Amino acid sequence: MSLTSINLWETVKKQYFFKLKANIDAFSSLIGIQLLALLFSFGGVGSVGMGGGNFSINIKYYSADLVIGFTLLWAFVTAITITTKPYRNHDFTFVTNRLSSSLSNILFLLTASIVGSITAILAGNLLKILAHILLDGQIYSINTGIQELVMGVCVTIFYVFFVTSIGYFIGTLVQISKLFIILIPVLFFGTLFLDASMQKEPFLVNVFTFYTMESALSLFIIKVIVTVAVFFTAAISILNRMEVRR
Amino acid sequence: MRVIECTDLTKTYLRKIVLDKLSFSIEENKITGLIGRNGVGKTTLLKIIAGFIKETSGQVKVFSERPYNNLNVSLNSIFVDDQMSFPPAIPLSEILTVAGNFYPNWDRELAKRLFDYFSFDPKSYHNRLSKGKTSTFNMIIGLASRCPLTIFDEPTTGMDAAVRKDFYRALLKDYIAYPRTIILSSHHLDEIEDLLEDVLLIKDGKKQFQMSISELKEWAIGLKGTTEEVLNLTDGKEILFKEYFGVNTIYAVVKNDFSEFLLNKARLVGVEISSVQPSDLCVYLTSETKGGIDDVFNKH
């Protein structure tokens, strides 16, 4: 039987479509988790009340920010999940090498980030409609144009994809040694408390502000892209040396 | 063309040596049986060939390339065992479609027919299959993918006798129609010896021998007769296996390098001469100690 050959991108493309099918459960859990976040948001995220002699005003704020928060969490967990052994073994049942497996994983995570971000932002509109139907009282909403919406979705995609790269990297570390399951949370909370007890700004807070408090969009995008690239490259080079199905 | 070439292949896990300077090669379009006792490194060897795990030292070439992380080796080979894993979200019939997308020589028709013959439910899922059904399904993937190098590692685990028979027949028929290199590792040499052309016997991570099945069938002979005569005949030879019957009768297996004259002489003094089944011979050759399970129970 004659030999055939294939290039990397063809394989990645095939694996990508395979993974969309295989990880369909990730998207159903996305819907579940966003509905849950919507439910939580329905109580309002803040309220202000004031009153005079014979009147009182109660202002409640509704926002779907919580949906984005939950989506970030979902993205993190999804990224960790696909680095685990069973998921890597699925690839090795068919045609793959370690690089194509990771690249298709990254494409899948990017798709997941895009889907998650769009639904998360649109969930804000759903909240408005639900509030309009179910709540009595005057509803005011700040009208945002399509441009705002698109920008909101884009920035959210960057955040979510950023989180998946962290998740993928951490997941990979755990595949090297289960010790990282303990080590990473210890380091995370350890630095927080250690710095706080030493009366200085915790290091992680600086990291957090570095990414989230960036007001220039282009700079923010560059920061995220560079960091994402570093995390994924590190993960790929680790996974490249890992044996499967031992 | 040599499909697989190993030179001084060594694999160690921590400090345990699993494969020890293994050198052999496998020719194109042959069915080779990989035989050995439990835990001698058969699966490790096959996984190195499939590119799943890395060799510690030495060289391994599949289609003249190193298999680890090699896309072309992955495309042209398939490794079938009972641990093959499929995504739990994809139903069985769709797994066949997915496999068809990946493997260029995939035979959709054959897969479908085998799928129906073994009466799989298209809507069922791989993780719900029984042990034997899992092996059967994996075997279908292995056959229909028609990879130039097809590796079956203990493919019959859990299969009942009827399905095993069907599998061997299907394998042979498909091999004749589409010749390819097949490696079959199995404990049931007696069942597969009609299929095999070559046998590669491994003991303690080393190659014991590699020869064709017809050579193997004539490699040794069994002698049965009075203890005195048999021991006389096998004097100076390595007795691979011996068993006592009654008081004064012994059955011994030795390498067949007797002259016809000597054999005739042996027959005259009442020694029964018989051929040795390849499967029995492999057990004798790979046994850890001379003797058998009986010796465990014999009180000295």
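Every residue number used here counts from 1 along the chain in the order it is shown.
Heads up, the Cβ atoms here are built off N, Cα and C, so glycines get one too.
TrEMBL lists A:26-49 (among others) with the feature transmembrane segment. Sequence-remote contacts of a segment are chain residues at least 6 beyond its ends whose Cβ falls under 8 Å from one of its Cβ atoms, and for the transmembrane segment (A:26-49) they are 56-67, 69-71, 73-74, 78, 81, 112, 115-116, 119-120, 123, 126-127, 130-131.
If you look up TrEMBL, you'll see A:61-83 (among others) marked as transmembrane segment.
If you look up TrEMBL, you'll see A:103-127 (among others) marked as transmembrane segment. Away from its own ends, the transmembrane segment (A:103-127) comes close to residues 8, 12, 15-16, 18-20, 23, 26-27, 30-31, 34, 37-38, 41-42, 62-64, 67-68, 71, 74-75, 78-79, 82-83, 91, 149, 152-153, 156-157, 159-161, 164-165, 168, 232, 236 of its chain (Cβ-Cβ under 8 Å, at least six residues beyond either end).
Within the same chain, residues 68, 71-72, 75-80, 82-83, 105-106, 109-110, 112-114, 116-118, 120-121, 180, 184, 211, 217, 220-221, 224, 227-228, 231-232, 234-235 sit at least 6 positions outside the transmembrane segment (A:148-170) and bring their C-beta atoms closer than 8 Å to a C-beta of that stretch. Among the features that TrEMBL reports, transmembrane segment is placed at A:148-170 (among others).
Look at TrEMBL and you will find A:176-196 (among others) tagged as transmembrane segment. Sequence-distant contacts of the transmembrane segment (A:176-196) (same chain, at least 6 residues past either end, Cβ-Cβ under 8 Å): 170, 202-204, 238, 242.
Annotation comment: TrEMBL describes A:217-239 (among others) as transmembrane segment. Sequence-distant contacts of the transmembrane segment (A:217-239), counting only residues of its own chain at least 6 positions beyond either end whose CB sits under 8 Å from a CB of the stretch, comprise 83, 88, 98-99, 101-103, 106, 151, 155, 158-159, 161-162, 165-166, 168-169, 171-173, 175-176, 210-211.
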